[in-house]
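Student: Pasting the relevant annotations from TrEMBL:
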- B:21-43: transmembrane segment (TRANSMEM)
- B:63-87: transmembrane segment (TRANSMEM)
- B:115-143: transmembrane segment (TRANSMEM)
- B:155-180: transmembrane segment (TRANSMEM)
- B:187-208: transmembrane segment (TRANSMEM)
- B:250-271: transmembrane segment (TRANSMEM)
Ligand SMILES: Nc1ncnc2c1ncn2[C@@H]1O[C@H](COP(=O)(O)OP(=O)(O)OP(=O)(O)O)[C@@H](O)[C@H]1O
Ligand SMILES: [Mg+2]
């Protein structure tokens, strides 16, 4: 029997640090993953995502700090595949063993029946290929097999390292929908790493962004988007500004004939303009450029990529 | 723990090694038993006083059968060593160790399960080896009109001990596979050691009086001794056949191999627990 809580298993990293010789791959990293949500674990190549996930899973011993899943270290979890599932980068398969047998090998450790193995192969969409030797699998098939392995124990928490890598557009769409299904319909805690914010922005609720082993941002996707704002262009900007302020909205000028209004409600801005007799030439929601923000966060001088050659950094 | 052992057995039974290795054991044991039998039964060898005489006149039928059936001992334990190296080496090579440790993060248990699983697999391979030896050696004994099982009890004991020797070599391989996580290097080092360096070294120091005693404790000589292949053979004859006449008792030899296996397994256990899996 497992005493693992089915509901509300979160993850916390406290001062996680890992050094490889002179390199601090992960540096005093502290963050929380809230239960029942999809968290994007983001950072450019070499930021330390895989190293961190491996420390969470007890595969790499932290130089200092600790990682807890549902309050316990991974190694202390009884029947861990039923609590945490994961699909890590560079997880291998024996090339001469079929995908199905790979899963059966893992299933045996937890007494999981073959019927569950076949169920998952069906779910990830490789039931036929699974009986062939894994050495002949494409990247996408390997990703799907890895995901099936992570789901074997029907875990409450899923850690997925760049699951979209190597998937075709159809596969990526499938993966997105699948993650949403796991989190929203089934209430699982999902952590999905990526080096592209845009790849996961439609999927995740929260983000943890790291660069060069440091935490640079932690919060909800809404916080990242910032407060909603509207851009309105008109003939007499100051007259419209007065009207908007009178109706209780905060306004800043945005260029000569345009205003930035702190609201997400386009109709309200339009109504105020109509009432004030001001023509509207342009009215649109201002979206935070997340890709820009992500670059700003991760390319800040203090996080400049240590994996680059020095002269490249100077430029 | 039974689940972990079952997992290890599934690993062993779901690749080509599952049938390739027993097949190799069967064929090689048959060939070597036939060659050994042919040599003993149909070729003259130097007797105690140096004059050539047919080997079968020197030995009782029981000894002839024992020597014939164990003719493939060296290839047998070499293949067992390879199986042991692969048990861990292939997990490093194909990066399946990640999945293995995610399923059971208490790594000591994984090593324990590997010890049990490997022992079972080596015994199965050993049975294939014995079957091959009985077929290949049996043909020669039949041709020479020697009974197939002159002393069935003695032969059964020898065969059981051969299985034990194979298991212990397998465990030495397991430790070596952890010590040298590059599987290709581990295989090269293991085979070179077991087939070239160690026998040459142990044969060489037989002629150095101060060290001659030590050679008895070398794995190859201990393996031969554990089967009491030369029991009932005139020491001078054994020496003429290129073997150290001054061998350990079978139980002392088995114990010696057990120590090697235990040390190598312990090395594997310690390293497995400490290493990062990246
Ligand atoms: N076993 C190791 N030995 C030495 N250095 C390592 C090791 N593993 C990782 N590193 C280094 O640690 C840093 C972080 O690597 P990591 O794989 O965690 O990054 P990542 O964020 O997963 O990158 P990517 O997006 O490319 O997968 C890199 O500079 C990498 O070279
Ligand atoms: Mg990575």
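Each Cβ is built from the backbone N, Cα and C atoms, and glycine gets one as well.
Note that the structure is predicted; figures quoted are calculated from it, not measured.
Help me see these features in their spatial surroundings.
Tutor: Sequence-distant contacts of the transmembrane segment (B:21-43) (same chain, at least 6 residues past either end, Cβ-Cβ under 8 Å): 54-56, 59, 64, 67-72, 74-76, 79, 82-83, 124-126, 128-137, 139-141, 143-144, 146.
Beyond its flanks by at least six residues, the transmembrane segment (B:155-180) meets 62, 65-66, 69-70, 73, 76-78, 80-89, 92, 114-115, 118-119, 121-123, 125-127, 129-130, 149, 186, 189-190, 194, 219, 223, 226-229, 250, 254, 257-258, 260-268, 271-272 of its own chain at Cβ-Cβ distances under 8 Å.
A Cβ distance under 8 Å defines the sequence-distant neighbours of the transmembrane segment (B:187-208), meaning residues of its chain 6+ beyond its ends; these are 74, 77-78, 81-82, 85-86, 89, 169, 173, 176, 180, 214-215, 218-221, 242, 244.
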